[in-house]
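Asker: Got these off Swiss-Prot a minute ago, pasting:
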{"type": "REGION", "residues": "1-203", "note": "region 'NAD(P)H-hydrate epimerase'"}
{"type": "DOMAIN", "residues": "10-205", "note": "domain 'YjeF N-terminal'"}
{"type": "REGION", "residues": "62-66", "note": "region 'NADPHX 1'"}
{"type": "REGION", "residues": "123-129", "note": "region 'NADPHX 1'"}
{"type": "BINDING", "residues": "Asp152", "note": "(6S)-NADPHX 1 binding site"}
{"type": "DOMAIN", "residues": "210-473", "note": "domain 'YjeF C-terminal'"}
{"type": "REGION", "residues": "210-473", "note": "region 'ADP-dependent (S)-NAD(P)H-hydrate dehydratase'"}
{"type": "BINDING", "residues": "Gly298, Asp412", "note": "(6S)-NADPHX 2 binding site"}
{"type": "REGION", "residues": "348-354", "note": "region 'NADPHX 2'"}
{"type": "BINDING", "residues": "382-386, 402-411", "note": "ADP binding site"}
Amino acid sequence: MRHYYSVAAIRDAEASLLASLPDGVLMKRAAYGLASVIIRELAVRTGGVTGRRVCAVVGSGDNGGDALWAATFLRRRGAAADAVLLNPDRVHRKALVAFRKAGGRIVENVSAATDLVIDGVVGISGSGPLRPAAAAVFATVSASGVPVVAVDLPSGIDVVTGVINGPAVHAALTVTFGGLKPVHALADCGDVTLVDIGLDLPDSDILGLQAADVAAYWPVPGVHDDKYTQGVTGVLAGSSTYPGAAVLCTGAAVAATSGMVRYAGSAYTQVLAHWPEVIASATPTAAGRVQSWVVGPGLGIDATATAALWFALETDLPVLVDADGLTMLAAHPDLVINRNAPTVLTPHASEFARLAGTPPGDDRVGACRKLADSFGATVLLKGNVTVIADPGGPVYLNPAGQSWAATAGSGDVLSGMIGALLAAGLPAAEAAAAAAFVHARAAALSAADPGPGDVPTSASRMVSHIRTALAAL
């Protein structure tokens, strides 16, 4: 499990540790870790360290000090080391003295012969885009294709929201210290490496599942399980206009777990043609017993659709509401607010705005938390980084790392997967987070099949790769 910490939590832990250490020890510890990561990166990219050239772009404060000390350690290992000082009057003095003593050079610009650039402009206390001088330096670096290693986070990216509102560093690798921050999931920070500097941090309430966590959560049939005890997923989706939504949603539920899927709606003929193992009927009341309901994908907003939404939400079962279900729910939020059973809402940005009255904005984590608390429901906000908020509980971040899931019908697939996990008994937030993780993996695998390169994919192909994604956990 990944834990993401606020800047305040990191600063509090640093203050406690700094009080117990001699002056400068913590900075050197961080810089040594940074230099060690850079040594490995240089070895991979260039075959070694000796004779290679690094350049630290140095801002004021401790972030610049980390970069200078790291460049000093690299110089001592045989690399040529340069430094561009963006604010010479406010540079970390002790680090600069050590850098010069080791033979480092102060330069005006990054040399064309540079093998790697260290971004030490601003750290986790900074905000806003790069200032003109730094922006000019990194524009040249970007044009030259020299890889950048960022210290703590790529400068110019908002540390809280991950939003970029102007010039920013594009890093191949980010090295951070003590604990991950939400920005490392919310923004493109390249590969992220965490260096342990001895901070004593509690568990956080912003989390990220890893493959081992998902494997532990995902239901596996026990020796004495049958199709009923594994969970029966009910699906209320599709219409004469969008029968494919029903096919995709039920297919994803079939692929996600080994229990049973029941479908109720007008697309039952198409569903059975694709998935003969599904038990299909024309109406919810005829569907039979289930352990969860998925309602909304392709359902429409007519009287029949409204009745289906009412039917599901008036049960005492876990319910996932998506797509057209969210549109109807926006007009009748009391249907969810008064529920005692688990409810999962899975909006994209426009659907979120209808539910909340305003778009999620830059602070997607804060907005998702607020909506979850106001509705008393687990909210999954779709995007390249999926945000899942539990009312009064943790937030899960799932960075996809690619956008292959951004295709028509992809949300229908995700809904079916979450519904299957709810039927199997997983808590709502864990079901949503685990399904989002596997959903992103299935999208990537479907784009890579048959190879050798990635190609456009589709929601139908994603369904067929759910099991492959699960097997790879």
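Cβ atoms are placed via backbone N, Cα and C, with glycine included.
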Asker: Is it possible to get the count of other C-beta atoms within 10 angstroms of the C-beta of Thr386 (ADP binding site)?
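Answerer: That number is 26.
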Asker: At the level of the C-alpha atoms, what whole-angstrom distance separates the residue listed as '(6S)-NADPHX 1 binding site' and Lys382 (ADP binding site)?
Answerer: 26
Asker: Which binding-site residues are spatial neighbours of Gly298 ((6S)-NADPHX 2 binding site) here, meaning Cα within 10 Å, out of Thr386, Ser403, Gly409?
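Answerer: So the list reads Gly409.
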Asker: Going by DSSP, is Thr386 (ADP binding site) sitting in a helix, a strand, or coil?
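Answerer: The residue in question, Thr386 (ADP binding site), is strand (DSSP, three-state).
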Asker: According to DSSP, which of helix, strand or coil covers Gly409 (ADP binding site)?
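Answerer: Note: Gly409 (ADP binding site) is coil by DSSP, not helix or strand.
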Asker: Starting from each candidate's C-beta and looking 10 angstroms out, tell me which of the binding-site residues Ser403, Thr407 has the most other C-beta atoms.
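Answerer: Within the set of binding-site residues, the most crowded position is Thr407.
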Asker: Restricting to the same chain and to sequence separations of six or more, state which residues have a Cβ under 8 Å from that of Ala405 (ADP binding site).
Answerer: His439, Ala440, Ala443, Met462
Asker: Please identify which of Gly298, Gly409 has the densest Cβ environment, defined as other Cβ atoms within 10 Å, among these binding-site residues.
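Answerer: Counting Cβ neighbours within 10 Å, the top one is Gly298.
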Asker: For Asp412 ((6S)-NADPHX 2 binding site), which of the binding-site residues Lys382, Asn384, Thr386, Ser403 has the nearest Cα in space?
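Answerer: Given the candidates Lys382, Asn384, Thr386, Ser403, the nearest one is Lys382.
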Asker: Give, as a single whole number between 0 and 100, the mean pLDDT over the domain 'YjeF C-terminal' (210-473).
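Answerer: The answer is 97, the mean pLDDT of the model over that range.
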Asker: Taking the Cβ of Lys382 (ADP binding site) as the centre, count every other Cβ atom within 10 Å, in any protein chain shown.
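Answerer: Its Cβ shell of radius 10 Å holds 21 other Cβ atoms.
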Asker: Give me the DSSP three-state residue breakdown of the region 'NADPHX 2' (348-354), ordered helix, strand, coil.
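Answerer: Helix, strand, coil within the region 'NADPHX 2' (348-354): 6 helix, 0 strand, 1 coil.
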Asker: With DSSP, how much of the region 'NADPHX 1' (123-129) is helix, how much strand and how much coil, in residues?
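Answerer: Within the region 'NADPHX 1' (123-129) the tally stands at 0 helix, 0 strand, 7 coil.
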Asker: Let's see if you can do this one: DSSP helix, strand and coil counts over the region 'NADPHX 1' (62-66), in that order.
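Answerer: Grouping H, G, I as helix and E, B as strand yields 5 helix, 0 strand, 0 coil.
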